[in-house]
Amino acid sequence: MSMILSASVVRVRDGLPLSASTDYEQSTGMQECRKYFKMLSKKLSQLPDRCTLKTGQYNINFISSLGVSYMMLCTENYPSVLAFCFLDELQKEFITTYNMMKTNTAIRPYCFIEFDNFIQRTKQRYNNTRSVSTKMNLADMQTEIKLRPPYQISMSELGSPNGFAHLSVGECKGTGKISAAPHQRLEPVTLPGIVSFVLSLLCGALNLIRGFHAIESLLQNEGEDFSYVIAFFLGTAACLYQCYLFVYYTGWRNAKSFLTFGLICLCNMYLYELRNLWQLFFHVTVGAFSTLQIRLRQPQGKSPDYNV
């Protein structure tokens, strides 16, 4: 039977689900499609504003506008024109009901779950394909789809629904290829984290300045030790790398931060003759503080699944 099975409203920038229809069907096919929904939600900002994914006996269609995406799951034989008319109607109602400020500042998943009432009513109406009300805008939508057809995402491009695959979709909107999966999102920055970041930059700048002064001294006095120059520049690189680790997520991030802190300590031990105790204490303390902030700023956990 040709019908719409479920629909959801998702924020484009981070894939946060804002609302969704309450689905009671728990078949294997539906569970598999839920995984595709989650994978697509994480890639919405990299995809065109109108797409279709064919998943065997089901199709996933979605449109995006003003930072919000409207997604729906239907059977493979459901008319594409009706599907996008349904999504267009959801979009108009959601924009009318909720302002952009609310959608942009939402932090809790499904905080607009009451919109499910409209989704259910509209879904029932569109599942009755003989209803006159569902055919009101068919001509306009059919013309629009012919002029600008939805981008077809193939299963091979989507990859495996195990949570680790990434989309490698070709050219979209004529802007080139979609890049590989971005860095994993970290928790929001705290005030101590900002302080550690600024202090690490300061230590890096101080090491860089002292390094250039060491080069000048080396050129003027041939007896100077070139290893001091290397120690200053290694200290600069270590401080900057600590800033990088604080901002971006990488593999073995905590281990790298401890090794970087160890390099900072070694450089300052070697520069013991050129710095007083207060300078050494400052550089080592900032390194330890930055390492702690890197350790505390962990990747964001997944949003809870409320089975809607």
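Each residue, glycine too, has its Cβ placed from N, Cα and C.
Bear in mind that TrEMBL entries carry predicted annotations, made automatically and left uncurated.
Listed in TrEMBL:
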- 8-119: domain 'Longin' (DOMAIN)
- 189-209: transmembrane segment (TRANSMEM)
- 229-248: transmembrane segment (TRANSMEM)
- 255-272: transmembrane segment (TRANSMEM)
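Across the domain 'Longin' (8-119), the DSSP tally of helix, strand and coil residues reads 48 helix, 30 strand, 34 coil.
If you take every residue in the domain 'Longin' (8-119) and average the pLDDT, you get 86.
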